[in-house]
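For reference, the structure is listed below as structure tokens.
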Amino acid sequence: MCASVCMCVCPSVCMCLNYPSICVSPVPQPPTITLQSPKDYIFDPRENIVIHCDAKGKPHPSFSWTRNGTHFDVEKDSKVLMKPGSGTLVIDISGEKAEAYEGVYQCTAHNEHGTALSNNIVIRQSRSPLWSKERNEAIMVQRGVSLVLQCRPPAGLPPPVIFWMDNIFQRLPLNERVSQALNGDLYFSNVLPEDTRSDYICYARFPHTQTIQQKQPISVTVLDNSPVGDRKPGFMAPLGATSTNMVLRGETLELECIAEGLPTPEISWSKESGELPSNRMSLKNFQKTLEIRDVTEADAGDYRCVAKNSLGSVHHIIKVTVKAAPFWISAPRNLILAPNETGILTCRVSGDPKPKISWLVNGVPIENAPQDPSRKVEDDTVILSNVQTGSSAVYQCNASNEFGYLMANAFVSVLAEPPRVLTPSDHVYQVITNHPALLDCASFGSPIPTITWFKDVKTSIQNGDPYVIHENGTLEIHVAQKLNSGKYTCIATNTLGIRENHVYLEVKEPTRILKQPEYKVVQRNMNAMFECKVKHDPSLIPTMTWLKDNGELPDDERFVVDTDSLTIKDVTEKDEGTYTCIMNTTLDQDSASAMLTVVEATPTPAIVYEEPDPPSDLELTDQRDRSVQLTWIPGDEHNSPTEKFLIQYEDLLHEPGVWHNLTEVEGTSTTAQLNLSPYVYYAFRVLALNHVGYSQPSQPSRQYRTNPAAPDENPSDVKGVGSEHNNLVISWMPLKGFQSNGPGLHYKIEWRQKDVDQDWSSESVANVTQFVVSGTPTFVPYEIKVQAVNDYGSGPEPEVVTGYSGEDQPLTAPENVQVMVHNSTIAEVHWEPVPTSSVRGKLLGYNVGLLSDTLSVDSCEQVLTFSGNRSEGRLPGLQPYSLYNLCVKVFNSKGEGPPSTSKNFETPEGVPGPPSFLNIVNPNMDSLTLEWGPPLKNNGRLTGYTLKYQPVNTTSELGPMKVMTFPANETSVILIELKSNTLYKFYLSANTIKGSGPNITDESFTVMDTSEFSVHLHLHSMFGMVNVSILEDSAVISWEYSGPHKNVFVEYVVENSKDDWKKELVNGSHSYLLKGLKPGTSYRARVVARDQADSMVHSTKEVTIAVPAVASRQVDIATQGWFIGLMCAIALLILVLLIVCFIKRNKGGKYPVKEKEDAHQDPEIQPMKEDDGTFGEYSDTEDHKPLKGSRTPSNGTVRRDESDDSLVDYGEGGDGQFNEDGSFIGQYSGKKEKDTHEGNESSEAPSPVNAMNSFV
């Protein structure tokens, strides 16, 4: 007996089967490296070195190591331990020099079938060297110049993180003007007086050792005695017009441009002949740094950075080249070969420069390995032909260029194994109906076995609906049905043998909740009962579980669980919630929920009507070819009886996802006999309807497939028309998918000329909706039939439809055309119809073309269409007194026939149109001149003109009408003896012998009397009293006006000024506010009514507006009480500040760390503990002496667990922290130590604890 079987024959084929009855002997396998350390391993000298190397194989491999290319004897070094069963090394470097274990390590895993190699693992110690000793000279610069503060940190491993702070550990603010470069230097595009300070300090944080080193402070003083003026930008970094940058594929490209100038320049980026990759690009450091992540070869090119300010711009080109360390295109894969088989190992890599590929066998260069005639090496490919047992090995592919290397192991295992079926025999699979079933046939063998399946021993199973055989031998049934239950046999075969295995499939009925628990409203202290009736497969053991609010029921005897119900006795408010019944079987489950609401004793609540719940438990019985019986269980009616049930179906074969109405039954029925069509994959669902509305659809029934049959019907809407004069296009409405009744649907087309003794012609077509018969006579009738046919037979005999072949243009013109004129605008035309045979199509009507005497003879001005087979038509809308030319044409759908013989006729005279224009010119006080033009349409011979005119008073009332007549050759008149300043209205019409035509109208004023009396009468009589109210810098003018003119203005001008009057339009108003008047200035103003020509019609008398001068408001501020009080408060505040400063100066002392700074002048912060972020040491770079209580290793670093001197000892709990902008929050004071002189010292400076880590 074996508890489990696990086999791994290649990385992608591993099987672990927990079958107690199966025992399989181990399969030989060469070693495979499963875990190894990264190629570049930087270790912390305060911790042990752990170099990982794990591998698998059969038998389990042994491990060995090389260091710097030579054998590394692990057993001879007491500090080195190799983990049991693994190649992982653990090196204890406590008390040792860590440098002794630096080097290049490689792990070897070996068993009798081959040797696998790890990568070359470079082991290096992390380093955090001290800053070189230097003295920084104070820097003095003029305002506006550029400045660079160099950091030049010590080269650590890995490189440190740089940031700038002041002596109270606050981060120096960075912006567009002041920025930190990638190398850590601090750049000022231009300096300002606020840049003056003595504590510019560069800090370097070394990540592995959590150590922070500090550069000596730099003092900067900005002078303002000779500031530098504005200037265009110039680049501080990089220098010159161009520079270069090389980046490796897959890495991050960082390009930097820092510019100086005044005003501060702005930086922008672009790529020459290309776009920046927006999805991988980001701009940092105030757009001075362009970062592109995951670089590809397409990112190579010229990048332009532009610095611009208001005085100009400058640009710099960075030429970027992209190289690539080797990367995989296709790594070699493990091979399992049978004897005499052939296999290929491929090692496809790419890189720039192109990588060099070398092969090794079991860790030995292939050229130095024992010769193998079955092996052939072609650059990146190894071909193994006719391999033999015992030639198993591990091949290594190494691809390298100047930027790195790749190495991969791939074993070749030569096995001769007959098939083994790993799936236990007679295993029983159980699934629920309509769920997928997966039957396993896990096998192993070499050569790889072929899997075949049989059902009930005799039926061979092929790929295809409903079965799928997967590559691993598993048989899948997409939608399992009862008929799929039975015995299945899988057979594994290779050249060395055959093995079979039997499994069984049982398809079970699903678990369904037939009666769901219902929402309950129960009075307190009453009982509540939830029902949950379930249907399940009899062979499955169900388990009923009740939950309250998705948790277990309370442990209370009031909750009684029965077989299909839950009863809660003496309910209280705590029992409210959602109750869920869950019916579980070993294969599936179903659940339903309902809420319980507990209320006080109240009258019976009103009945709530809702739409019914959806029916459930749909079953299909009495299954026949063209019918099936559907039964269901109705849902809750919610106090409204069900009126009817609607049965819908889905055609899963032709229209999946689309539901169609099939039939309806009475609401008292739960069964329906459904008539079906052949060759349809049916699924049914039911909806219930009450007076509230339809329920939600039920869950679909199981699928029901009907057998194919011959079509029951033929295509509809069969037509025959011609698209050309010599063809017949037969078209029809095709059958829908489910109407086809079976596969292979096509159509049989038959046709013959009607009333001609000839046989039917026929053609069969598919997937089209029309057929073209060519070579037909023009417009002759045809008899047409279209019949549906499929693989199972023909549809019923089709009906005969009559169609016509194509039409052509008519051949003859109408004859005997006659015209009768009724009046000046209406005539009637008659003609003889053309012979039917000459129409050559369906006669649609006749077109009558009219050509007037004013147009070209070649074209008809107007075409009138008379539909149908007509012989006369009425011609309305004719022009009077005109000569017309008329022609008649017959037309069909192809066009018109030839025109008839033209016929001329003339229309009698009519009344003329209105005169073309009427102008009133030269208005005087008592006369007006009228000019007009003749009508555009005389419609006859003009006999003269009639002029009518009458005055219009100020209330728009019309005066007496005067009439004048003029001969046809006169087109102007001067009207005299008119009233001055009066509006007249004129009506002018033209005349023929038929009477007067329509009028053209106009109106005009006569001019005002210019005498003094007349001016006074007309200019002022329409205006009443004018009032003026004068304000500080404005004036309000009000007036009364009763004139008819709408254009009223307030006009004003400075008194004694020659300027033009300023006008303000005030239509509809009787007052206006003049704004913006100058104090101490006099104005003349008036109100004026003007006509449309902007001539003055009425006016008020001029009024004078004298705007008063404004008195001076200047006040001596020195005599104001608020100013005196403010000065006293400021003086008092300054006095208080001086006192406070004096007290703090006498009271303050030095804290211990500050004392060390004073002693050495160049403090540097040393390692911090990882657990609390406190400083491990505070060292001096001048003599590098350790603090009391600490010890320093030989490499200048401090072990993490040996630092006992921390600035936390000087704090009050070590809880100092930084706010969001990097400044430190909190203070620390002195703490008593062993040394007496430190005991009473204190400091109020902020603590640096945790300060540095908050910036990295």
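If you go along the chain as it appears here, the first residue is 1 and each next one adds 1.
In case you wondered, yes, glycine gets a Cβ from its N, Cα and C as well.
Residues annotated as signal peptide in TrEMBL: 1-16.
Sequence annotations record features per position, and here TrEMBL assigns domain 'Ig-like' to 31-118 (among others).
The annotation domain 'Ig-like' is assigned in TrEMBL to 129-219 (among others).
What TrEMBL lists as domain 'Ig-like' is 233-321 (among others).
Among the features that TrEMBL reports, domain 'Ig-like' is placed at 326-413 (among others). Across the domain 'Ig-like' (326-413), DSSP assigns 0 helix, 52 strand, 36 coil.
Taken from TrEMBL, the feature domain 'Ig-like' applies to 419-506 (among others).
According to TrEMBL, the feature domain 'Ig-like' maps to 510-597 (among others). With DSSP classes pooled into helix, strand and coil, the tally for the domain 'Ig-like' (510-597) is 3 helix, 47 strand, 38 coil.
For the domain 'Fibronectin type-III' (614-709), the model gives a mean pLDDT of 92. What TrEMBL lists as domain 'Fibronectin type-III' is 614-709 (among others).
According to TrEMBL, the feature compositional bias 'Polar residues' maps to 696-706 (among others). Proximity of distant same-chain residues to the compositional bias 'Polar residues' (696-706), defined by a Cβ-Cβ separation under 8 Å and at least 6 residues beyond the stretch ends, is recorded for 433-434, 479, 481, 613-616, 618-620, 623, 625-626, 628, 630, 632, 648, 650, 652, 659, 676-687.
Look at TrEMBL and you will find 696-720 (among others) tagged as region 'Disordered'.
As annotated by TrEMBL, domain 'Fibronectin type-III' applies to 711-808 (among others).
The domain 'Fibronectin type-III' annotation in TrEMBL covers 813-910 (among others). In the domain 'Fibronectin type-III' (813-910), helix, strand and coil residues by DSSP number 4 helix, 47 strand, 47 coil.
TrEMBL lists 914-1010 (among others) with the feature domain 'Fibronectin type-III'.
The domain 'Fibronectin type-III' feature in TrEMBL is assigned to 1015-1110 (among others).
Look at TrEMBL and you will find 1152-1172 (among others) tagged as compositional bias 'Basic and acidic residues'.
According to TrEMBL, the region 'Disordered' annotation covers 1152-1256 (among others).
As a summary of secondary structure, the compositional bias 'Polar residues' (696-706) carries 0 helix, 2 strand, 9 coil according to DSSP. Comparison of 31-118, 510-597, 614-709, 914-1010 by number of C-beta pairs under 8 angstroms to the domain 'Ig-like' (129-219) places 31-118 first. The domain 'Ig-like' (510-597) and the domain 'Ig-like' (326-413) are not in contact, since fewer than 3 Cβ pairs between them lie under 8 Å (pairs 6 or more apart in sequence). Of the ranges 31-118, 614-709, 711-808, 914-1010, 1015-1110, the one with the most Cβ pairs under 8 Å to the domain 'Ig-like' (326-413) is 31-118. Residue counts for the domain 'Fibronectin type-III' (1015-1110) under DSSP, helix first, then strand, then coil, are 7 helix, 43 strand, 46 coil.
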